[in-house]
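Visitor: Marked as N-acetylproline by Swiss-Prot on the basis of sequence analysis: Pro3. The N6,N6,N6-trimethyllysine feature in Swiss-Prot is assigned to Lys14. Per Swiss-Prot, substrate binding site is recorded for Asn123, Thr173, Lys177, Arg295, His327, Ser379, and the stated evidence type is sequence analysis. Residues or ranges marked as active site, proton acceptor by Swiss-Prot: Lys175, His294. The Mg(2+) binding site feature in Swiss-Prot is assigned to Lys201, Asp203, Glu204. If you look up Swiss-Prot, you'll see Lys201 marked as N6-carboxylysine. What Swiss-Prot records for Lys334 is site 'Transition state stabilizer', and it gives sequence analysis as the kind of evidence.
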Amino acid sequence: MAPQTETKAGAGFKAGVKDYRLTYYTPEYQVKETDILAAFRMTPQPGVPPEEAGAAVAAESSTGTWTTVWTDGLTSLDRYKGRCYDIEPVAGEENQFIAYVAYPLDLFEEGSVTNLFTSIVGNVFGFKALRALRLEDLRIPPAYVKTFQGPPHGIQVERDKLNKYGRSLLGCTIKPKLGLSAKNYGRAVYECLRGGLDFTKDDENVNSQAFMRWRDRFLFVAEALYKSQAETGEIKGHYLNATAGTCEEMLKRAECAKELGVPIIMHDYLTGGFTANTTLAHYCRDHGLLLHIHRAMHAVIDRQRNHGMHFRVLAKALRLSGGDHLHSGTVVGKLEGEREVTLGFVDLMRDDYIEKDRSRGIYFTQDWVSLPGTMPVASGGIHVWHMPALVEIFGDDACLQFGGGTLGHPWGNAPGAAANRVALEACVQARNEGRDLAREGGDVIRAACKWSPELAAACEVWKEIKFEFDTIDTL
């Protein structure tokens, strides 16, 4: 490091660059109940000691800068600084370490995920002393959780609104995702819902393009909802995507959905931004709308093992910002998801208290202090043969979304929906009777085919479909 030089301004200030670890590496520190705790996977540059790298992370994500400044003397840095209080090597990885950093609560604005992330996952990720940096987990203390509204309604209120109990919910993304006219889109929605699904969904790319303006889509979808409800006697929903180029336009679309009387709308929370998402979540609670959240762009942030941010952090942030549903991967479909890690962040989304469990990727005990839960949505390359595994893995409090697994049925959308509904109810009945779905799931589906020609046709179409690739994110 460069030598320190004393200025003429006064003997109390010495200009120059000093080692971060002299101030920000504090292994003797006892964490407080009010601290926000972070677990960073860091890969230091060659020659940089892990203690210096961990201290640099704590400094650059809190009060530090690259040099000593005289204004440090105008405040209590000891009160506001982040502290790297522990470092451990990553088993099986060369030159990778987990750095644990504690942040005092006063560093963050109440009720703002935007401010929280600006500090903790801000400029520090471009710091030259580090080859790579990944935020693996955050502990949000109850004192900070209580400053957030969280999901507009939560799992139990959603079930009460929809009058649906004792099973997973079923959904479907309308395909092709782009290019349909509003009228044909509404027809596809109607066919899926009358066939037995609970929800249909706008694709995340569907906003208000020239081939289908948002208001036209909203009107035809609302007509499909009411018609299918009248025919089936069940409450139906469609995730109308309110994501827009401005918050004002987003709220205008949400207002239209409310006036049409639909039960649920949708937002792309990463591309739309946390400020917009929190704004929409508050609107949804005030006006009785459920809020479905899509995670488009997440893999840009979370897919690399050594740099970025794990999805469990994005899931925690969404629960704070607000969303009743969140896409979470499937474990069994085409999109990535390792079982124990996926179930770890699924529990973080919907349970009230989660114990630390490193085998599931949970670095800290998390107490949500009765913040409403977010329902996980399993989607991506799933079909009727996956139903036993999905019911066994996710349980009842999940939404299972079959896009191609509904619309790809050889007889059409309604038979595809019926096949999924029959498969789900057969699996739920078998589970309730004490059967082991992990071992007997195939037999359960084959037995149900005998009294459901729609399911039999679906099973024949997808009997050979598998997505077998190694997962990237393993513990």
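For all residues, glycine too, the Cβ spot is worked out from N, Cα and C.
Give me the local environment of each listed feature.
Guide: Around Arg295 (substrate binding site), taking its Cβ as the centre, 23 other Cβ atoms fall within 10 Å, counting all chains.
Look at Lys175 (active site, proton acceptor): DSSP puts it in coil. The Cβ of Lys175 (active site, proton acceptor) has Asp203, Gly403, Gly404, Leu407 as same-chain neighbours under 8 Å, each 6 or more residues away in sequence.
According to DSSP, Glu204 (Mg(2+) binding site) sits in a coil region rather than a helix or strand. The number of other CB atoms found within 10 A of the CB of Glu204 (Mg(2+) binding site), across every protein chain shown, is 21.
His294 (active site, proton acceptor) falls within a strand segment according to DSSP. In this view, His294 (active site, proton acceptor) is surrounded by 28 other Cβ atoms within 10 Å of its Cβ, with every protein chain counted.
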Visitor: Starting from Lys201 (Mg(2+) binding site), work out which of the binding-site residues listed here (Asn123, Thr173, Arg295, Ser379) have their Cα within 10 Å, and give them in sequence order.
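Guide: So the list is Thr173.
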Visitor: Would you mind sorting out which of Asn123, Arg295, Ser379 (the binding-site residues) have a C-alpha within 10 A of the one on Glu204 (Mg(2+) binding site)?
Guide: Arg295
Visitor: Name the residues of the same chain, 6+ apart in sequence, whose Cβ is under 8 Å from the Cβ of Thr173 (substrate binding site)?
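Guide: Set apart from Thr173 (substrate binding site) by at least 6 residues yet with Cβ under 8 Å, we have Thr200, Lys201, Asp202, Asp203, Ser379, Gln401, Gly403.
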Visitor: An 8 Å radius from the center of the Lys201, Asp203, Glu204 Cβ atoms defines the neighbourhood of the Mg(2+) site; name the other residues of that chain inside it, in order.
Guide: Thr173, Ile174, Lys177, Asp202, Asn205, Val206, Tyr239, Asn241, Met266, His294
Visitor: Given Lys177 (substrate binding site) and His294 (active site, proton acceptor), what distance in Å do their CA atoms have, once rounded to a whole number?
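Guide: Distance (Cα to Cα, whole Å): 14 Å.
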Visitor: Would you mind ranking the binding-site residues Lys177, His327 by how many other Cβ atoms sit within 10 Å of each Cβ and giving me the lowest?
Guide: Lys177
Visitor: Ten-angstrom check, please: count other Cβ atoms within 10 Å of the Cβ of Asn123 (substrate binding site), all chains counted.
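Guide: Result for Asn123 (substrate binding site): 10 neighbouring Cβ atoms inside 10 Å.
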Visitor: Which of Lys201, Asp203, Ser379 (the binding-site residues) has the most other Cβ atoms within 10 Å?
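Guide: Result for the most crowded candidate: Lys201.
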